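For reference, Swiss-Prot has these:
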BINDING   Gly124, Thr125, His126, Gly127, Lys128, Thr129, Thr130  ATP binding site
Amino acid sequence: MIAPDKVHYHVPEMRRIKNIHFVGIGGAGMGGIAEVLLNEGYQVSGSDRQANGMTDRLSGLGATIFFGHQASNVEKANVVVVSSAIDPTNPEVNAANEMRIPVIRRAEMLAELMRFRHGIAIAGTHGKTTTTSLIATIFAQAELDPTFVIGGLLNSAGTNARLGSSQYLIAEADESDASFVHLQPMVSVVTNIEPDHMETYQGDFQKMQDTYIDFLHNLPFYGLAVLCIDDPVITQLLPRIKRKYLTYGYSEVADVRATHVKHTFNQSEFTLKRKDHQDIQVVVNAPGKHNVLNALAAIAVATDENIEDAAITAALANFSGIGRRFEMLGEFATGEGDVLLVDDYGHHPTEVEATIAVARNNWPDRRLVMAYQPHRYSRTRDLYEDFVRVLSQVDVLLLLDVYSAGEEKIEGADSKSLCRSMRQRGQLEPIYVADKNELPKLLADNLKDQDILLTQGAGNIGQIAKELQEMKLDKGALRTGWSK
């Protein structure tokens, strides 16, 4: 459990700033920063299109929440914080500009929170949320009481953000809009680098890599980079990094290394090897090869901070997971047999493939049924062939329409096209779900006894999973349709 220090670490207040307004406050990243600022004593308001768990939580903590975007929402603000999803023509942004109220991106506010703290920033295409959560859990186990801002719900804390009493701030660094270059942490972690959010980088993967170098060079000369040497792109970039770094991975040349890895049901166990340390056995209460790498990153950071091995191993063994990261929502008697419902946020082919691998390892003899919702037309276009290959690995695929996240439709980068390409590949016959309201009936027609139903994606598929959980996957209820 998190135990506060006797003396709270004092962070200077932002001069002239009392009222902070967030446009798009319902997102995990935005809402997390808003929660920390509320707990620091600032007046916080925010707007979003509709209520969700985040807006409900912030409202309960004292934030003023508006639904819908209008100019009057920012009248009392001293600064307006916007997410990357907010259109520059948003009426609240326009009003703030007219009133000469500073409009800043989320990462700029996070950078301000980090400026007077010992910042630990976690970047990478995959694994940011889990790695950030593991680091926060280890620091809490060591009674260092960190502040953290995470892109998912940390189950042990019941929140994705918390104001701690120590100097430590542990946060995800968002590469999706390149805003992570605003951060100036003491420790930077990079888990991997793959093409994603390529519209931010004008479709130039080299430009993305250069931006990661800029992010790492924001470290002070006495800072530390923690890098996954198993990632081929990171390995190629090592000669360009002009800061001290530690490497981690399965590779024999890694500074922090896992050997003798065993994967059991929902856990991983390995021998930890570090230079100038005795080998120890580690159990991570999270499944899959990818989570061993995430744990190694967390161990590297903790070791650099001189956290004792006992705290590290206890935290990893008792890690209670994150919302929507291979989250088991229950096994239900559907009327014709038992079906296990698992929900996962992964929306990049590498992430989806890792999720499938964990499901196959956990339940090798059970059929895998996936309801997948692609996220963004641009990602579907850029990674099209990888999606076709990976999604063909399940036994039954129900493919929902692309969750646009505000993007215009791109010809040939939609779910119908994916279905056509998978049929041509010949491994399975995907089921196209033209209307999400048809999903329950299609599930009722296709689920069998002992199936694993995996709801996958970063759009509103998570809410769909919760509704399926409420229906307990009962075939009669599924045929009736959504309860709301």
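Quick reminder: no glycine exception, Cβ is built from N, Cα and C everywhere.
Taking Cβ-Cβ distances under 8 Å and a sequence separation of 6 or more, the neighbours of Lys128 (ATP binding site) in its chain are Ile122, Gly151, Glu172, Ala173, Thr191. Figure note: comparing Cβ neighbours within 10 Å for the binding-site residues Thr125, Thr129, Thr130, the maximum is reached by Thr130. Within 10 Å of the Cβ of Gly127 (ATP binding site) there are 25 other Cβ atoms, across all protein chains. Other residues of the same chain near the ATP site, with their Cβ within 8 Å of the Cβ centroid of Gly124, Thr125, His126, Gly127, Lys128, Thr129, Thr130, are Ile122, Thr131, Thr191, Asn192, Asn294. Listed in sequence order, the residues of the same chain lying 6 or more apart from His126 (ATP binding site) and placing their CB within less than 8 Å of its CB are Thr191, Asn192, Glu194, His290, Gly346, His348, Thr350, Glu351, Ala354.
For the recorded site, Gly124 (ATP binding site), the DSSP three-state label reads coil.
Gly124 (ATP binding site): 23 other CB atoms within 10 A of its CB, across all protein chains.
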